[in-house]
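**Student:** My questions will all concern the structure given below.
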Amino acid sequence: MASSSYFLLAVFLALASSRAIASDPSPLQDFCVADKYSPGMYALTSNKSCSVVMKVNGFVCKDPMAVNADDFFMAANLDKPRDTMKRKVGSNVTLINVMQLPGLNTLGISLARIDYAPLGENPPHTHPRATEILTVLEGTLYVGFVTSNPNKLLAKVLNKGDVFVFPEGLIHFQFNPIYDKPAVAIAALSSQNPGAITIANAVFGSKPPISDDVLAKAFQVEKGTIDWLQAQFWENNHY
C-alpha cells in the first residue's frame, strides 16, 4: 500500500514538473527588465574541483532602481499598414518581443502584427516556444494547423473579428484568399521570445544545406528537384 502511494506521488510530481517547464517560467518578482548589454549574461559558478561558465537562459535583470516607464513602452505604430508588395510570400510580420521591448523579459508574452497582400500568406511555420492566438482585424484569412503524426489538418476561414488558436510547436499558416483586398491580423504569443521556424526555409534554405540525398529520399522526388529548390532565395518572413 505504501509503495503504491509513493508511486502515485512520483507520478504526480513528474506531471507537475513537466507542466512547470512546458513554457516560460513564471517571474519571481514584479518584473525583470532585460539588460541586453550586461556583462552578467554569463554567470560564473564553481565547486571544489572546477569552475564553469554558464549562459543565462534569457536576459539578466536590469537594476530595478534604473528601470523607468520607457522600459515597458514602444512607439511601434502598429496601427500603420506595413509594406507587403516587396515580400515574395506577400506578408509582413512585425514582431514585438523582448528584443524590442525589454520589459517583456520573463513575462511570457509577445505580440505581432501581420499584414497580408491580396493572395499573400504567412507560410507554414512553427513557434517552438509559444502558443499563438490570432485575431483578424481586417479582411479574410484561411488559417490552419497540422497535428503531430498522423498529421490531421484543422483549418478555418476567418473574417474580421474572428479568433483562432495555434497550439505551441505545431505547423500553422495563414493565407489571404481574396485577390483584390489586403488583410491584417494581430497575434499574441505565450513567450517573450517565441522563436519561428519557417518550414520551407529550414528544409531547403539551411546553411549549410541538408544533403540532397536526404531530402530526395524524404520527399520521394529526384535530386534535381531538390537542387532546384535549394537554389532559390528563401526569404525570412519572421524576425
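The backbone N, Cα and C atoms fix where each Cβ goes, glycine too.
Whatever TrEMBL says is automated annotation, not expert-curated.
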**Student:** What is the disulfide partner of Cys32 among Cys50, Cys61, as given in TrEMBL?
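**Tutor:** Answer per the record: Cys61.
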**Student:** Round to a whole number and give the Cα-to-Cα distance in Å for the pair Cys32 (disulfide bond) and Glu132 (oxalate binding site).
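**Tutor:** Rounded to the nearest whole number, the Cα-Cα distance is 23 Å.
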**Student:** Same chain only, sequence gap of 6 or more: which residues have a CB within under 8 Å of the CB of Glu132 (oxalate binding site)?
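**Tutor:** Long-range Cβ contacts: Val165, Phe166, His172, Ala187, Ala188, Leu189, Ser190, Pro194.
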**Student:** Other than His125, His127, Glu132, His172, which residues of the same chain sit close to Mn(2+)? List them in sequence order, counting a residue when its Cβ is within 8 Å of the Cβ centroid of the site.
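**Tutor:** Other same-chain residues near the Mn(2+) site: Thr126, Ala130, Phe145, Phe166, Leu170, Ile171, Pro194, Ala196.
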